Amino acid sequence: MNPYVLVILLSSLGLGTTLTFASSHWLLAWMGLEINTLAIIPLMAQQHHPRAVEATIKYFLTQATAAAMILFAATTNAWMMGEWDINNLSHPLASTLVIAALALKIGWAPVHFWLPEVLQGLDLLTGLILSTWQKLAPFALIIQVAPTIDPYLLSSLGLLSTLVGGWGGLNHRQLRKILAYSSIAHMGWMLIVLQFAPQLTLLALGTYIFMTTTAFLSFKVSTATKINTLSMTWTKTPTLMDITTLAMLSLGGLPPLTGFMPKCVILQELTKQELPLTATIMALRALLSLYFYLRLCYAMALTISPTTTNSPLPWRTPNTQSTLTLALTSTIALGLLPITPAILALVT
């Protein structure tokens, strides 16, 4: 892609998200979401591959439907209540439509079906943008409208997302689909605590972004897209294999890695709100996600790639990809747990 076009598209992504962040009017927020969608579509279709084009069309139709629902909900609220302000979403029909539309935009269960299929058709860098940056603008709106949403609806969506995200990734061998279901499960963790402590939702979102960035960049450097190819990673780049294994365990929420921090504080908050059953269900469903992360770790660290001859490994060119971003994100994704009290003091 032409570098000038790429700069324009990436700038439009930043502009759309910033516009949604800064808006208090539904029309401006809707415009920001539309700029975001239109900016990422050329990035998704740049490969000119049938799978990429199919994923782009699916993404466009899904996002267009969600944007139309948001516009209809805002118009309904303005017609019934005379308010265009985002914080004054007081009509029940409008608030229900908005949470349904934003769930469709992010990929919460039960409207998650587009996310694994779209992510599977993209390259790893575009999938990284879709899994991280594209979730910021809808989350900004959800945090603003959460006080007007039925808390039982939010809890149900969160519990269902953790179940679907953990269960859906169990039987897949494609890494991008596994990361898509991982995203769905993490979104459920963020949603379940949103009504009680929005700052913990932001904390979970931030740690998720760094951990997912580490996972995507690790797979990008090792050019792995299936579980089978992970078994050859240790022979090529053993250090990268160690980092990727720890990143998977961090996504699963195991101590002493960063991923344990948001899950721990969310379970503490649910217990503090006298919801021990919900906290227990969330902890048990985290085991489902942990299983397929351990599958990846087993393939990377505990298996040897099958060989049918005694000949040495084929010749390969040295890797020329930049790993500075991977080094920064992996440090954050693996080592923030010891400073958890300082982080909580900043966000609470």
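Count begins at 1; order follows the chain as displayed.
Every residue, even glycine, has its Cβ placed from backbone N, Cα and C.
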Annotated transmembrane segment segment (source TrEMBL; candidates 19-37, 38-56, 152-170): 152-170
Dominant neighbour of the transmembrane segment (93-115) in 57-81, 152-170, 191-219, 282-304, 324-347, by Cβ pairs under 8 Å: 57-81
Stretch contact, the transmembrane segment (282-304) with the transmembrane segment (57-81), Cβ-Cβ under 8 Å, 3+ pairs: no
